[in-house]
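Working notes, structure below.
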Amino acid sequence: MPWIQMKMNTSGAQAEELGDALIENGAVSVTFQDTHDNPVFEPLPGETRLWGDTDVIGLFDAETDMADVIAGLEHHPLLGSGFHHKIEQIEDKDWEREWMTNFHPMRFGQRLWICPSWRDVPDPNAVNVMLDPGLAFGTGTHPTTALCLTWLDGLDLAGKTIIDFGCGSGILAIAALKLGAAAAIGIDIDPQAIQASRDNAERNGVSDRLSLYLPHQQPDNLIADVVVANILAGPLRELAPLISVLPKRGGHLGLSGVLASQASGVCEAYADLFELDAVAEKEEWCRITGVRR
C-alpha cells in the first residue's frame, strides 16, 4: 500500500508543535530530520534536542484527503493560509526484508566476525559472534563499535577477565569471551540492555561466563585485566575516577564513543593513571587505549 508524505520546514523550537499538529490532522507517524544532515550528539538526560533548521515529515494513509489536511493545518497559528509544504506519494516496501538486506557479516581484525543469524557464516573456523540488531545499541556497524572490536581482536585475552562498561547489546563482552577471555562483566544503566546482553550471550553459548549488572547492583572492588567502555565523551570524562580503577595494574583500557575532536579532553582525564597509546581514528570517531600504571 502506498503512503502520502507531507514535509514542512521549521525551526527546532517549533518542530514538535508542528509534529503534534500533523498527528491531530491524521498523520500516522511523524519524524524530524535535520535539513542539513548534521547529527546531534549527547543530549542531556530528559532533553529533546532538535536542529535549528528542521524538516517535519508526516506520513498519511494513501486514502487521506490531503486537501482536508491542508485546510486543517491552515488554522494552526504557526502556519496560516498558503503555508509552504511538499507532498509526495511513497511506494510501500517489504520493510522487514529491506532492513535485513542491510546487515551482512563483518570482519574485525584477523579472527573475529560478527554475523546476523539469517546470513551464512563466511568462515566456520573463525571466531564468529552471532548477533542481530535489536533493542540495545551495538551490532558492529558503528565506527566506535568497530574500533573496539578490532582492538579486542588484537589482544591476547586467553584466561583474562574483561569488564564491558556500558555493555549495550553485549557485543564487546561476548566477542571477548569468544576470543578466549575466561569471564566477562557487563554493566549498563538500561535494563533493556541487560536483557539484550543476556539473550545474545545465550545465543552465543557464553552466558555461563557473563555476569550482568545495573550500576547499583555491581559488586564492590571490581577489577579486571581488560576494561572497555564504548559510551560517550561526556560520561567518560565524568566517570573517569570510577573507570580508571577497574583495570588492574598492567591491565588494558579501551575507550570509545568519542569524536576525534573530543579525544584530547578524554585523554586528559585518564593520563595520570594510564600510559596512553596513539589515538586510533575511524571516520569522525576515535578510540583511546592504554595500560594501567
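A Cβ is built for glycine as well, from the same backbone N, Cα and C atoms used for every other residue.
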Swiss-Prot S-adenosyl-L-methionine site partner of THR145, GLY166, ASN230, selected from ASP123, ASP188, ASP190: ASP188
Collapsed DSSP category at THR145 (S-adenosyl-L-methionine binding site): helix
Among THR145, GLY166, ASP188, ASN230, the record's S-adenosyl-L-methionine binders - longest CA distance, Å: 16
